[in-house]
Amino acid sequence: MALILYLQPHKRITLKEYLTLAEIQEDLRGGDLTCVKLVSHYLQNIESNQHLNAFVEVYADEAREAAIAVDEKITNGTAGRLAGLVIGLKDVLSHKGHGLQAGSQILKNYQAPFNATAVQRLLDEDAIVIGRQNCDEFAMGSSNENSSFGPVLNAADPTKVPGGSSGGSAVAVQAGLCHASLGSDTGGSVRQPAAFCGVIGVKPSYGRISRYGLIAYASSFDCIGPITKSVADAALLIEIMAGADNFDSTVSVNEVPAYSRNLEWSGKARIGYIRESVESEAIAPDIRQQTSDLLNRLRAEGHEVTPVEIPLVDSLLPTYYILTTAEASSNLSRFDGVRYGHRSAEASDLESLYKKTRTEAFGNEVRRRILLGTFVLSANYYDAYYTKAQRVRRLVQEETSRFFEQFDFLISPVTPTTAFTIGEKTEDPLQMYLADIFTVQANVVGNPAVAVPNGSDENGMPIGIQIMAPYFGELKMLAFAQYLTELNRKSAAILNTNH
Ligand code: GLN
């Protein structure tokens, strides 16, 4: 996508790398840094990294104007809690008056008529939105290769995928094109790209954050989640976005704890880890190694670390794909060319309008899933697939609840491999679906899970570790994630001094 030159070369701004918003805000208070400088810095980075294809659209002028306004508020002492945060939004989140396409041509020229609740809450605290980010079409994919805007490249190695479906959002944080991103996670779409790009991604509990204004893929699975460089920022963003909302009846009215102020972990955790994740040949050797090294560090710190079997693990992906495609086939029926988005020019009657519009504008993966979903919901097969998958979902939920009676956290790698080569899995959907083997459980049961960086493989590609917690157990989960990143930092420091 062609972008205009934002800056004159002589105005080049170099800022230090900020891990947390708190550090940014400290410098903003100090007076050396301004939001205007921050925005220019990110625009400059976006400009010089266009080849990554992380953004579908950049709001340069608007972000600059917003920066001036927030700088003024800072001077007046009226700035919100997110002053200084420059954020990008996955192209599935409604942002009033801005393009919204879910990476698809079927929503060509569509503009969001209102703000998603999550987006509104960030804006209310003075976050600055810098653009909308590339993703797999309708959030269906694990590699960002299903976007009608073309693939996103992994900044650690541009021949590799960034993961998906929030690929643009993960790369934008990885490559410093914005400070944080908002993605959506239906089966791993925040955590898996975060792991492939070496950043942090959180899927909160189902119902923690309102889905109002999020384009639906599979409504009983979809969650909005942040992608950041620090656990502290993820905690703050969730805290601000979460909580009751009159526009989404599935969102919980449970009080939102102050996650960001309770990140100190103390005590010993009871940790279960999936035995296969450190033993199975199907997991990349470097990932097994890094995972078991981390488990050993946790043991050495006095935590109880126990291997567990998840008996229903083989049923997770089939259950996920039956239920999500069923829900998607229903959710996506609204895109018919009648009211908005693409409309076929070839149609001669209503039926051909539907058929031609949808055939022309949906990509292959979306079509595959609509067909699959329609099939599993069809009268003759409904009980054999849909009803059965619902039952299995319940069993997995019960099994997971039993697990969390004995353990505080379930730990596993985020993915069985590191980022793969672009094109490597596009012909084999089943191989592609396997990329989600560790992430889908949290969505099938609704529990929260976080992906945290855990070293890299021999080629320097990032590896992630996942912590899953009990339903609505974000508070402890985030504190433990914070603790774990510190533990990893310490051990990396020791390794460096030994070499
Ligand atoms: N990769 C998974 C899928 O293709 C998850 C997608 C998501 O979480 N949105 O369905």
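Just so it is clear, glycine is given a Cβ too, placed from its N, Cα and C backbone atoms.
The structure displayed is predicted, hence computed values, not measured ones.
The active site, charge relay system feature in TrEMBL is assigned to LYS90 (among others). The secondary structure of LYS90 (active site, charge relay system), as reduced to three states from DSSP, is extended strand.
If you look up TrEMBL, you'll see SER165 (among others) marked as active site, charge relay system. Look at SER165 (active site, charge relay system): DSSP puts it in coil.
Long-range Cβ neighbours of SER189 (active site, acyl-ester intermediate) (same chain, at least 6 residues apart, Cβ-Cβ under 8 Å): CYS135, ASP136, ALA139, SER142, GLY164, SER165, SER166, GLY183. The active site, acyl-ester intermediate annotation in TrEMBL covers SER189.
Per TrEMBL, domain 'Amidase' is recorded for 38-476.
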Would you say which of the active-site residues LYS90, SER165 has the most Cβ atoms within 10 Å of its own Cβ? SER165
The domain 'Amidase' (38-476) [mean pLDDT, rounded to integer]: 97
Provide the three-state secondary structure of SER189 (active site, acyl-ester intermediate) computed with DSSP. coil
Can you list which of these active-site residues (LYS90, SER165, SER189) have a Cβ closer than 6 Å to ligand 1? SER165, SER189
